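Scroll down for the structure; my scribbles are underneath it.
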Ligand SMILES: C[S@@+](CC[C@H](N)C(=O)[O-])C[C@H]1O[C@@H](n2cnc3c(N)ncnc32)[C@H](O)[C@@H]1O
Ligand SMILES: Nc1nc2[nH]cc(C(=O)O)c2c(=O)[nH]1
Ligand code: SF4
Ligand SMILES: [Mg+2]
């Protein structure tokens, strides 16, 4: 059984290497991290425990079809940390049989073999502002174990200058993996006035900081497109 917190879409992938792509989302419950600025803390802080459904792969697939009949060919699995869940192998198998592309978002702490079957794997190690002290040895192991994935990318969320230094550590450690820097969203409460102006000014700050830093060459600098549009609303 897969612990599912929400299934939604179609929407756009708002982050990373496939930003803008039309996709469905399956969000699993539970995380091994507790990032201070987690925009999905409801997956692990107990506040939406009553909404967690234990579903089979077939039930998840039926729900996706109910939400978007004949209107999706791409599913993004996020969380929480979906990589904690061994039983996602059944969903990955089922989606592949149906010729549906699969993307996964994870922080790179825990590996299961089904990860090697996904099409787009986003690995998002954490900078110090998260309060997490991510093990580089564990991340090395994860990176080594996922070499067979069709497309992999690294995505580091940045809130301040110290985080930029941490992003550089990850970029230098894995120079051959496409590298994305994403501006942090401090507005975890969905209704904030002028969130767009503020988020865009933070994005501008990040572009200026990284563009003028010759230690970064092969880098993509991105906002969270969906939070510019909809702030930190759930199910978008
Ligand atoms: C909610 S996490 C779920 C997947 C996995 N646990 C992870 O962290 O990669 C999905 C992505 O959102 C990013 N994220 C979380 N909170 C954020 C925030 N406040 N601002 C910007 N990005 C954030 C994470 O770093 C990660 O790249
Ligand atoms: N539109 C949209 N794009 C996203 N990209 C990554 C997300 C996530 O929470 O993992 C996310 C999300 O929650 N919504
Ligand atoms: S690893 Fe991802 S889901 Fe877990 S607390 Fe951090 S941002 Fe949130
Ligand atoms: Mg999100």
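Each residue, glycine too, has its Cβ placed from N, Cα and C.
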Co-listed S-adenosyl-L-methionine-binding residue [TrEMBL; alongside 37, 38, 39, 124, 125, 126] among 9, 80: 80
Among 27, 93 - the residue TrEMBL places in the same substrate site as 12, 13, 14, 78: 27
By Cα-Cα distance, the member of binding-site residues 14, 27, 78, 80 nearest residue 38 ([4Fe-4S] cluster binding site): 80
Nearest of the binding-site residues (12, 13, 14, 80, 126) to residue 35 ([4Fe-4S] cluster binding site) - Cα to Cα: 126
Among 14, 27, 37, 78, 125, the binding-site residues whose C-beta sits under 6 Å from ligand 1: 37, 78
[4Fe-4S] cluster site, defined by 31, 35, 38: further same-chain residues with Cβ within 8 Å of the Cβ centre: 33, 34, 40, 41, 43, 44, 80, 130, 132
Nonlocal residues around residue 31 ([4Fe-4S] cluster binding site), in sequence order (Cβ under 8 Å, 6 or more apart): 38, 43, 44, 79, 80, 81, 84
Largest CA-to-CA spread of substrate binders 12, 13, 14, 27, 78, angstrom: 15
